[in-house]
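Have a look at the structure below before the remarks.
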């Protein structure tokens, strides 16, 4: 979240614990984002929240502040079990890690302990976290249930429960796990329940009313599905021209930090191969990439060691990557909601961004549903096929292994074009 003045609501005017106010002040935050301004007064009065908000709107800080405040206000609560006082559930391990990272300043000032539990990593280090009896536990449902069934922690002392990106948990099939964990906790009336979702669909609302205590439904600009600061652009390439067009647009835009989406793992591998072959610093993020390598790729991308991240929707969902300037939809997504999630990676918290989509003959049929969902047509840009980059290096054939390499070299792409491709007659 940036330090921009996004609403008239100041953190200093909210009923937050003094140590939390110190943490906010030290981080340089003064004004709330819209979702924070709506949800915090409700949550700080110990009322449940079901909030609709995209990633990048400041919702993570909103539920972290509410969680820490509840625990700090009830410091005298005596734990009767070897379990946490708050549980934050996330759909992906990357999101769980990011949530814990975002809580660092609060942990430093408040003195509460946090543990992070997720799959894809060894058990021993996470068991040590549980042995330290954290006040707040962040995790993915599968590993949480695994450790719970081993009696490594209890849920009987839960005072706050957070469901982040609830819609994605449905998409990934985690809803039964969520219900299992919620049923092991105290009654909803005895805890603070916070749910955040990019969409408050019927099934998400059903979950909220089933396991929450009369939640207040909050929506941030529900009719504005795409960010107003994101410039959208659509091209109609033929299949053979998709890679040359993508690489030409990248050279023309020369983005500081960009994410390229493809619909399949193999599609991502091909895009990544073309980028690396033409000397772009790119990382590949699919479900097959081992966890430690995923974290290294994300760290390199965040630190500017990589300029491009090539990803599938499932692999990228829930990631909090700041300062993404461009999103390229190499394929138009099959799910119209994924289009919104993709382009929502840029233009966050007051910044501007660009979303460029390629509608080839294979995926162009997804366009009507996308435009109907977002409520507007995407501006079309014509291009001159003769102006595309020539003499591009073709990637080496992909070797089918259980693990795929990612990364890239430095430098500019080869084969200068004769002129700009955009707005050609």
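FYI, residue positions are counted from 1 along the chain as it appears here.
Quick reminder: no glycine exception, Cβ is built from N, Cα and C everywhere.
According to Swiss-Prot, the feature domain 'Helicase ATP-binding' maps to 40-218. The domain 'Helicase C-terminal' annotation in Swiss-Prot covers 242-389. The region 'Disordered' annotation in Swiss-Prot covers 391-425. The annotation motif 'Q motif' is assigned in Swiss-Prot to 9-37. Here Swiss-Prot flags 164-167 as motif 'DEAD box'.
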Number of helical, extended and coil residues in the motif 'DEAD box' (164-167), per DSSP: 2 helix, 1 strand, 1 coil
The motif 'Q motif' (9-37) - residue tally per DSSP class, helix then strand then coil: 17 helix, 2 strand, 10 coil
Per-residue pLDDT averaged over the motif 'Q motif' (9-37), given as an integer: 92
Helix, strand and coil residues within the domain 'Helicase C-terminal' (242-389) as assigned by DSSP: 63 helix, 24 strand, 61 coil
